[in-house]
Structures are given as C-alpha cells and as structure tokens.
Amino acid sequence: MATTTGVNSDLAKERNNSTFDVEELSNFIYRGPEKVKRRRYLHNLATKDPFFRKFKPWAFQTREEQYEICLQKHLYINKKCKELNLTEPVDKFFYTEAAAPHENSPIGLHTVMFIPTIEKQGTEEQKKRWLPLAESLKMIGTYAQTEMGHGTFIRGLETTATYDPRTREFILNSPTITSMKYWPGNLGKTTNHCLVMAQLYTQGKNCGIHMFMVQIRDLETHMPLAGIEVGDIGPKFGYGTNDNGFLRLSNVRIPRENMLMRYSKVLEDGTYVKPPNAKIAYGSMVLVRAAIVTDAARALAQACVISIRYSAVRRQTEVSPGGEEAQIIDYQTQQYRLFPLLATSYAMYFAGRFMYDFYLKTTAEIEGGNLDSMPQLHAISAGLKAFSSWMCSAGVETCRLCCGGHGYSHASGLPKIYIDVVPGCTYEGENNVMMLQVARFLMKMYGKLQNGEALPTFMQYMSTDLNKKSCMTEEVALNCLVMAYEHRAARMIRDAAASMEKLVQSGKSPVEAWNGSTVMLTWAAIAHCHAFVTKLFVETVVKSRMDSKVQSALTSLCKLYAVHGIVENLGGFIQDQFFDSKQVKILQKKLMQLLAEIRPNAVAFVDAFDYPDEVLQSCLGRYDGQVYQALYDYAKSSPMNEKEVLDSYYKYIKPAQNGKYQQYSKL
Ligand SMILES: CCCCC/C=C\C/C=C\C/C=C\C/C=C\C/C=C\CC/C=C/C(=O)SCCNC(=O)CCNC(=O)[C@H](O)C(C)(C)COP(=O)(O)OP(=O)(O)OC[C@H]1O[C@@H](n2cnc3c(N)ncnc32)[C@H](O)[C@@H]1OP(=O)(O)O
Ligand SMILES: Cc1cc2nc3c(=O)[nH]c(=O)nc-3n(C[C@H](O)[C@H](O)[C@H](O)COP(=O)(O)OP(=O)(O)OC[C@H]3O[C@@H](n4cnc5c(N)ncnc54)[C@H](O)[C@@H]3O)c2cc1C
C-alpha cells in the first residue's frame, strides 16, 4: 500500500532490491565522483535559487509569457554564469538544464551558434571586434541560414551578397519571397545582429555560400534598420519560448570587413580567395549536431526516469481475482516497451560522450591545419545526430504512452520533453538527409575496400566475410552480438552499392542510380549507426573500469540493447541466413530473460541518472513516488480552477440552457 508521506513503499522496496550501488553507477555515467559532485553543485545552485521559482509553471503560461519568462531566466543564467565563472560548456549545460529545463532559450542561438561561429570562422581582428560585444550582449545574434524555400539544400540558398569594390561594401538582398530567412532561432524579436549565409558575388562571379555579419536592429531603440523586415514566424508545435523568425533584406550595405574571412576572403579589389576546404564553412552545424547526441540522450533518460518510477508506483488490475493489483512495471509488455528504452538512453549517453571527445579532438586538428579527419567527423556527427534524435524522440513518446492517461497531462512533464527533443530530427539537417550524407561516406569507403585501400578503424568491419554465419550460442556473447550488427551493416552497404551498380549497368547516370537507391542507402546508413552505437556500448562496459556489481548490471542492459535491436529488426539479420531459426529462438528467449534480469534494477538504473525533481518537473517521476497527491495539487493549481464558476457559464452555458442563442447572431 502506498503511504501519503515519505517515500512510496513500492518505490522504497525497489530501491532496497537493487543489486548495485546507485552512486557507483552515477560516478561511472558522469565520469567520476568529482564530476558528479560538480554536477550536483551546479544543479543545486539553480534549483535552490528563488529566482527560478518565482514564475508560474510553463504549462500555464501564454506564448508571450513563455517567451518573456524564459528570456528573463536565460539572461539571469547568463549573468550567473559570469559571476560564478562558469566557462566550461559542460558546466553551463548542467547549470542551464536545471535552471530552465527543456525551455528553449531566446538567446540560445546567440550562445550555441552565433558566438562559436565568430570564434571558428572569424579572423583575429573580427574576433577582437565582435566577441566582447557579443559576450556583453550588446550584440545579440543568431545563425540565419535557412530560407523559406531552402533549408536542406544550402547551395540553393537565394540570399545574395554582392561586392561593390567602389565602396568596399557587400550589398545584401532577398530577391524573392522564398529567399527570406525563415526559422532562425531568436531572430524574430530578440536579436540585433545575424550571421547571414548568402551567395557571394564578386567580379561578376558566384563564389558560393558564405557568412556575413549583418546588423538588423538599432542598438538603442531596437527598431529594425532601413532595408530590414523582420518578425516572429508564429506559434509552432513547441518552442513557444523561442522567437524563431523571418528576415527580408533589401539592398542592405555592410562593410567588406563583415564577411567572416578566416578561411575564405574577398580582397579590397574584389579578388576572391578560396578556403582550404569549401565545407569548412559548415563547421557550426557540425558542432551543434555533435551536441544534439547528448541532448537527445538526456531527453530519453529523463523520460525513462519518469515512466519507470511511475510504473513502479502505479498499480492496475488484480492479477488473480480478488488479489492485489499488480505494479504495472511487472507486466511483461510494459517491461518490453520500457527497458529497451532505458538501455537506449544509456547507449546514447555513451555515444554522446564519445561524440564530444571526438569533436574536440578533430576540431583541434582542423584548427591546426590538418583537415584529414573532416569527412569522418561529418559522417559520424551527421549519423549520430540523426540516429540519436530519431531513437530518443520516439522513445520519449513511448514513455509517455506507458504512463497511460496521466502521460497525456502536462503534469507528467513528458509532453514538454517531447516537443523540445523532436525538432532535433529536423534542425541541423533533416534526419533522412543526414543519413544520406552518411551513406555517401559509406559508398566512398566501399569503393576504397574494392580497391584494396586502407580503411579507418571504425570502417574495417566492412571487409568481413559475408558468407560467415553467426557465432551465437545460448550464452549470447557480446562479441557475437557486435558481429551480428556489423555483418548486417556490411551486407546492407554491399547491397546498396550493388543496387547502384546495377542501375548504372542498365544505362542510368550515377545521379539517377543514387536516386534510385536512396531507400537502400538509408537502410545501410542506419544499420551502420546502429552497429557503431552498439559496439561503443559494448566497449564501454567491457573495457572501462567500474565497480563489479555495476559492471554486471550494465552488461545485462547492454545485452538487452543489442538483443532487442536484433529481434525488432529481424528481417535485416536473417535475410542471408546469418542467423538460423534456432539462433533466432535463442535470442527471443534471451530477450525475455533479460527483461526479468533487469526488472529488480530498473529503478536503480534511472535513479543513477541523478535528476532532481526540480529538473524533471513531473508529478509522475517524483523521487518519493507520491504521484497522486502531486496530481491532485497540480489540478488544483490550474488557473481554470481559480473561480468556482467561470464567466463563460453566465455568458454561454446558462443562456443555452434557457434556449437563448442571440449572442451568436450578433457575430
Ligand atoms: C560536442 C559538444 C557537446 C557538448 C555538450 C555540452 C554542451 C553543449 C552546449 C550546448 C548545446 C546543447 C544542446 C544542443 C541542442 C539543441 C540545439 C539548439 C538549437 C538548434 C537550432 C538549429 C539551427 C539550425 O538548424 S541551423 C541550419 C542547419 N541546416 C542544415 O543542417 C542544412 C543541412 N544541409 C547540409 O548540411 C548540406 O546542404 C548537405 C546536405 C550536407 C549538402 O551540402 P552540399 O554543400 O550541397 O554538398 P555537396 O556539394 O553535395 O557535397 C557533399 C560533400 O560535402 C561533404 N560535406 C558536407 N557537409 C560537410 C561538413 N559539414 N564537413 C565536411 N564535409 C562535408 C560531404 O561529405 C560530401 O563530400 P564528398 O563529395 O567527398 O562525398
Ligand atoms: C525548431 C527549429 C529551429 C530551427 N532553427 C534554425 C536556426 O536557428 N537557423 C537556421 O538557419 N535554421 C533553423 N531551422 C531550420 C532547419 O535547419 C531546417 O528546417 C532543416 O535543415 C530542414 O530543412 P527544410 O525545412 O528545408 O526541410 P526540407 O528539405 O524541405 O525537407 C522536407 C522533406 O524533404 C526531404 N528531402 C529534402 N531534401 C532531400 C534530399 N536531398 N534527399 C532526400 N530527401 C530530401 C526531407 O527528408 C524531408 O522529409 C530550424 C528549424 C526548426 C524546426
């Protein structure tokens, strides 16, 4: 029976029954006790600060209030980060996730893309000129690339920047309605500057897309400058806190020095100097794609915390007539939906950790003048961004469904997480498009393999013998699981390449052959990402040093991730009889065993993510499990309940009850 104070007794029992020390697992997830301590310190600073608690809850705010309240919070966060000297991105990330959870910042693009783009693409002189102004918020900027007519195909952008050597200025124009910038975050009402991606014209030639610093609003009055039309694009699926905007430029002149010229240049006479690699200008997108992996993992982890704690507390249906109602977490179907997602959240966290390290290492090389790893960084970040945002968004929605009716209420906290994570499937490169970029890389690697050239380590699995059968036995060893994923990916890569080859042989051009094979190419890219993430998870649990009980529990979770992925995508694994039917049965049986094995640790696994209640903001995911009292309090706090009888009763219901409908004819 659940008590109404203290920790819910079912939840308390779950915590007593776990096989490992939760603190040890938190230490492993966040890379050591010192880092856990630091994260808690940062969370505490935010959650205990009365400033963040003075506002009404997000779900009860109007769109305008969402923007205004979130703006205040983020300006305060900015001030506090300076006061506290929080300079590391990871520190800012933890402080912010607790201060304004899943509330997309009205100055977010300024921090995440505007400043990093100046830092990475600006000359020393430009950095000296703009960074102090940007740091002090005198300049507030965004990354204005997408247009109404083009988001994916950025070479097709229509905004023009034409160099005038007489005045040494660029003239910016939005020549058509489709060329207006549309979607950039914070553009509508907040920013006074933009980094505008535009087609560069000089000496009568188009030199492709480049970045230009454009002031759009007066620094004193904040009014749009001459030649600028700018505004908010209106309500969206979510992101109400963010003024995604539109922008039209009409003959806007900016000095030559406002083109970002670290790599490409326009000299005073209009001579164009090429960058060492044209795609170096895409670097800010790569940064955010890399960050999205951790962001998506965090969303799914929080959704799992909410849904799994609630499933331990919620009881529904007597299992035998007259008996006790079961905890819903004991239903195998509930476990089958939730535990693989729990495993996925861990897999994605480790992928995010890897991505962060790899991004830092590779960009340091690029900045040192070695561009060799740029294609790998692009392929891995594009693939992991797409794979993680797809898996995590779908996973958050399943977590919501697993909470039944209460999952549909904002009281669950789940809709807020979902609308924050799901645009990650679209922004920074629509996921299908990103997977096709991965496929392009895979086809290049396949070509190298055919030519007997060396492959990067993470692609060496492609040379696997595709006639080999699975080594899977009753033991379901981790190495056999990894081999299965790599086998499937290698075969799908070969099949996609064969499809293109066949089309070429039938007389199609290479472009037609590509377009005729994009579904197979996408399958191959997804299979490659799935193999990459699985192998990373396995290596993390096998090779890392950690407490032995944690290792044993984490190994079960890792196995569940791998086995579930195979059972759910069986077609791809048995198409070439890699597994025989006996092995399929072994895997299905193992899946059920793993669900039972993970069951006693499910709550401990989510507790280890160590998200305070103030971050989860969920009546269902509370640490103490007192969900019913919380739901009741939430309902009572609804503004709809401020009056016992609403004015609308007297205005509309009462007259209707008396058969009076005159007020409608006045309309
Ligand atoms: C890692 C840090 C983690 C830290 C964690 C801690 C703190 C984080 C702090 C904060 C962040 C927190 C969370 C983040 C979460 C949310 C983010 C918030 C807001 C997001 C706001 C959204 C902004 C946007 O959406 S901006 C607009 C984005 N737009 C796009 O992405 C457009 C997509 N389209 C493209 O990228 C390109 O058009 C294309 C599809 C790649 C094609 O390009 P194109 O030039 O036409 O290509 P081609 O001529 O066909 O050539 C292809 C050729 O080029 C190579 N290529 C392409 N891109 C790259 C690249 N980037 N690098 C290297 N090479 C590239 C490609 O491989 C191919 O090569 P080949 O010819 O040799 O085969
Ligand atoms: C919340 C949010 C915030 C954003 N913030 C910013 C921002 O700050 N700055 C900014 O510049 N932009 C921003 N964007 C825009 C975003 O980057 C683009 O919407 C995104 O890149 C997708 O481009 P698109 O809208 O043109 O989609 P489209 O390319 O029109 O996609 C529509 C469909 O066509 C398919 N498709 C398109 N091209 C291909 C292809 N070559 N092969 C196969 N299929 C294809 C896609 O898969 C998709 O299914 C934001 C968007 C959102 C939703």
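Glycine residues also receive a Cβ, built from the backbone N, Cα and C atoms like all the rest.
TrEMBL entries are annotated by machine, without manual review.
A quick note: this is a predicted structure, and the numbers were derived from the prediction, not measured.
Some features that TrEMBL has for this protein:
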ACT_SITE  GLU428  active site, proton acceptor
BINDING   THR146, GLY185  FAD binding site
DOMAIN    21-140  domain 'Acyl-coenzyme A oxidase N-terminal'
DOMAIN    282-443  domain 'Acyl-CoA oxidase C-alpha1'
DOMAIN    479-656  domain 'Acyl-CoA oxidase C-terminal'
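According to DSSP, GLY185 (FAD binding site) sits in a coil region rather than a helix or strand. The 10 Å shell around the Cβ of THR146 (FAD binding site) contains 18 further Cβ atoms across the protein chains shown. If you measure from the Cα atom of THR146 (FAD binding site) to that of the residue listed as 'active site, proton acceptor', you get 10 Å. For the domain 'Acyl-coenzyme A oxidase N-terminal' (21-140), the number of residues in each DSSP class (helix H, G, I; strand E, B; coil) is 88 helix, 0 strand, 32 coil. If you take the C-beta of the residue listed as 'active site, proton acceptor' and look for same-chain residues 6 or more apart in sequence within under 8 angstroms, you find MET285, VAL288, ARG289, ILE292, LYS385. For GLY185 (FAD binding site), the same-chain residues lying six or more positions away in sequence with a CB closer than 8 A to its CB are ASN104, GLY108, LEU109, THR142, TYR143, TYR239, ASN242, ASP243, ASN244.
The predicted model assigns the domain 'Acyl-CoA oxidase C-terminal' (479-656) a mean pLDDT of 97.
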